[in-house]
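Feature annotations, reproduced from TrEMBL:
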- C:11-435: domain 'TRAP C4-dicarboxylate transport system permease DctM subunit' (DOMAIN)
- C:5-22: transmembrane segment (TRANSMEM)
- C:28-46: transmembrane segment (TRANSMEM)
- C:58-76: transmembrane segment (TRANSMEM)
- C:100-130: transmembrane segment (TRANSMEM)
- C:142-165: transmembrane segment (TRANSMEM)
- C:177-202: transmembrane segment (TRANSMEM)
- C:229-248: transmembrane segment (TRANSMEM)
- C:254-274: transmembrane segment (TRANSMEM)
- C:286-304: transmembrane segment (TRANSMEM)
- C:347-366: transmembrane segment (TRANSMEM)
- C:372-399: transmembrane segment (TRANSMEM)
- C:411-432: transmembrane segment (TRANSMEM)
Amino acid sequence: QSFDLQSVFGLNVPSIGPSPVNWADKVRLMTAGEIDIKVHGAGDFVPPFEVFGAVSTGAIPMGFDWIGYWAGTIPVANLIGSMPFGPTPEIALGWMFNGGGLEIIQKAYDPHGVKIIPCHLVVPEAGGWFNKEINTAEDLKGLNMRIAGLGGKALAKLGANTQLVPAGEIYVSLETGRIDAAEFSAPQLDKGFGFQKIVKNYYFPGWHQPSSWDSIIVNMDVWNGFSEDQQRIMVEACKANITENMADQLNAQVSAIEEIEAAGATVKRFPDEVLAAMRTAAAEVMQEEAANDPIFKEAYESLTAYIDRTARWAELQALPR
Amino acid sequence: MKRFANAVLRVLVVPGELVGWLILPLIVSVLMTVLAAKMGWNAFLRWDTPLPVLGNALTVNSMADLQWYIFAIIAIFGGVYAFRDNQHVSVDVFSSALPRRVRLGLSVFGDLVFLLPFCAIIVWYGWSFTLTAYNAGEGSSYGGLMDRWLIKAIIPVGFALLGLAALVRALSTIHSILLPTSGTQTGDDR
Amino acid sequence: MIEYFWPMAMLVALMLGIFSGYPVGFVLSGIGIVFAVVAGVPMIFLSTGVSRIYSGILTNWLLIAIPLFVFMGLMLERSGVAERLLRSLAALFGRLPGGYAFAVAIIGVVMAASTGIIGASVVLMGMMALPAMTQARYDPKISTGLIAASGTLGILIPPSIMLIILGDQLRISVGDLFVGAIGPGLLLAGLYFLYLIAVAFFQPHRMPPAEHVQAESRAAVLIGLARDLLAPVLLIASVLGTIITGIATPTEAAAIGAAGAMLLALLSGKLNFGTLGAALRDTTKTTAMIIFVMIGATIFSVIFRRLGGDQMVIHAFDALGTGPYFVLFAIMALVFLLGFFLDWVEIALVVVPLVAPVVASLDFGMSQSQTLTWFAIALAVNMQTSFLTPPFGYALFYLRGVAKDISIGTIYRGIIPFVLLQILALILLIMFPQISLWMIG
Ligand code: NA
Ligand code: NA
């Protein structure tokens, strides 16, 4: 059997680009060629923001996405896509597969007839590129920034003017001063856009997205057409995929940061005072969202409890460096 | 037949004739966004109870959404308007040399084989596309405009008008092929 | 070849459909749908058409600049700015050999830098400058050729709707394209000037000095010229200036320009409810006619791809092989030939998406975004030429429409030297990419 899968990313983008291709290879291998998935890049059949709708109706049987793209339709997707001050990758992994996370998310996807398989775990992004220095929370007031998701809403609370400039226009907008700041992704991807040539400050940490999920989505009728073994293979192939991408990301980030510094950008950290203000604003934003959507609320409470509980382990194990 | 067709077409292009005026608020809205970016404003107005479409604030992002809403409305309804006035891009270097009846035949063929099925499909799937957005309560996740189904509904509505226009023109052209004396003016005459 | 039966058949049907004279946008979408049904693509797949129309076109913030630039052009046309400029330039140059010709070329450049569309400038010069040149016994071949060629500079020199659409198609910065097109635009204008100087020098009888222009004092003429140049210069500064200095994106600059052009029309006393309504209705139809070709192209291309068309194109170019410049030459030659029959909207929306992945993978010793920007601008020069090449060239038709007593044969012959200059500019641009890239970081 042969199926088309469309990614929301170009297949040449580092790390997340080849991820669905690698997954499809594993599925082909484990099913001894019974299931052949053809992977297509961004925009081949539908524009990136339409992949969910197309999988839901069955126009395309499968997709690969950043979960946060579906926030307009599924509020909880915003939380899983990027939770400000949220879980580290290892905690996110634990919550997703062993802490009840996946069951909560699937509930939100069920009405749309879409099966979700978390399939790529992304390390923290960078905090973003800033043409101005951020020394106090006051410096965020009136800052024109390109930023996605709940982090954007939190910054808006702090007085920033947040907007979603399309990826292709970020460079020129930054260069011409049309925007003062932009977050896009992790250093490995940011590097390719050449922001380091035109922006002075590259800030960390990626407070708005300490970890995030990309997933395989499958039309529910197509999913139900697979045997139980085949379904199991697709999930296991995703888990293997996650292991692989966790292994390949960290070293690549550090190399990318070195290249970015060599091009003349300064790598900095937000002051703790600024991060504290962001944290307060982000918590307010997430509580507002939770009040509007029951599944968001359930996921938010479950994930927060999981983070708080596992924090003790990290504290007990902390070593002096 | 000809008079009937023209009367129907005149009704179908009414939205197209009017939507051009939206360009004026479009200009104002873009200029307001430029000003807001210069001044570092985020929201123009905020209020407590969420309103339909606007949510509970008029922000720079609501303005950006409004701008493409207007663009979408102009493009889709303008399509019907340009169709009635035969102003869509076409290449008539060769066809203009053909006999009149052949040209009319090609026009009917285009209306019924190229345009009508296309419109039918876009109306059909555009309708479910709109319903999905309505049921999910889809809206901006960046503090822009809410109720996305309203703008999505432009697609089935606009293509329904276009399909209707194609059908009416095809019938009228067939009529004038079969009864060539009933008048020289047809939909195909430029 | 049999594996590519469907995409091949689609291309053949597309050619036949386009030449049937039926609107191109509807031919594109109709052939897409018909082939989907005949080739057995599941019906539900056609719902991708709606997604592509909505997410790829209607929500595309970049495209908002199209109605704004169209409206700006129409307002400028009605404001009388170009007419006044022509009068004062004629007073300055009219008594020199070739004086009118230089005036027309200058206006071509000024109008090009102030509007994003063509047509206005060709029609205006055809109505105003052509009679004066005829009266001065200019060779009609040179006057019509010049008016058509300089009138089409507007689609190349920014602001330009064509560059906006190319930027969108190739996913490169429109701001970069605008900056990058300035050099080639000025190069072309420079070539026109050199050609005019050569004709004035070697064949002065083809453009004799005008005797009927009355002599005024040099100072009065210069003051008048300065006054008439002020409005367009302010408009150019407010559109191109705000883009280059980063105050505005192309879309925002378009709104500034549209407001500015309305203000000019108001100040000239040419703005009333009737003319405004007419301009707005024309804007609606012009926008729709461009967008519906985009809609048709997006439907055609998704079915074409589903039936293996993109693989076919890549295979075809692989078979061509032999180096990036050869592939580039093949694409440019194809676009030039298509330009005889098609205009830029069809070329940009149908051909460019097919060849873009091929070009992006070629190595010219530049970064990928530089390669695409340079390629886009070379395409823009090439597609500007399609306005001028017989039998189907919009600029020639516009001119024929207003110059009733000049035969289309004269117009066709008159354009030849200018088409050769276009080809020369294109060759220079391909040999020296710096012509377009030097101003981009
Ligand atoms: Na221009
Ligand atoms: Na041509």
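Using the three backbone atoms N, Cα and C, a Cβ is placed for every residue, glycine included.
TrEMBL annotations: computationally assigned, not manually curated.
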Quiz item: Other than its close neighbours in sequence, what residues sit by the transmembrane segment (C:5-22), given a CB gap under 8 Å and a spacing of at least six beyond its ends?
Solution: 28, 30-32, 34-35, 39, 300, 303-304, 307-309, 312, 341-342, 346, 350
Quiz item: Do at least three C-beta pairs under 8 angstroms join the transmembrane segment (C:100-130) to the transmembrane segment (C:411-432), pairs 6 or more apart in sequence?
Solution: no
Practice problem: Find the member of C:28-46, C:58-76, C:286-304, C:372-399 that has more C-beta pairs under 8 Å to the transmembrane segment (C:177-202) than any other listed stretch. | Solution: C:372-399
Exercise. Within the domain 'TRAP C4-dicarboxylate transport system permease DctM subunit' (C:11-435) only, compute the mean pLDDT.
Key: 86
Quiz prompt | the transmembrane segment (C:286-304) vs the transmembrane segment (C:411-432): 3 or more CB pairs under 8 Å | solution = no
Exercise. Sort out for me which stretch, of C:28-46, C:58-76, C:142-165, C:229-248, C:254-274, has the most Cβ pairs below 8 angstroms to the transmembrane segment (C:372-399).
Key: C:142-165
Quiz item: Are the transmembrane segment (C:58-76) and the transmembrane segment (C:254-274) close, by which I mean at least 3 Cβ pairs under 8 Å that are 6+ residues apart in sequence?
Solution: yes
Self-check item: Folded-back contacts onto the transmembrane segment (C:254-274), same chain, C-beta under 8 angstroms, at least six residues removed
Solution: 64-65, 68-69, 71-73, 75-76, 78-81, 114, 116, 159, 231, 234-235, 238-239, 242, 248
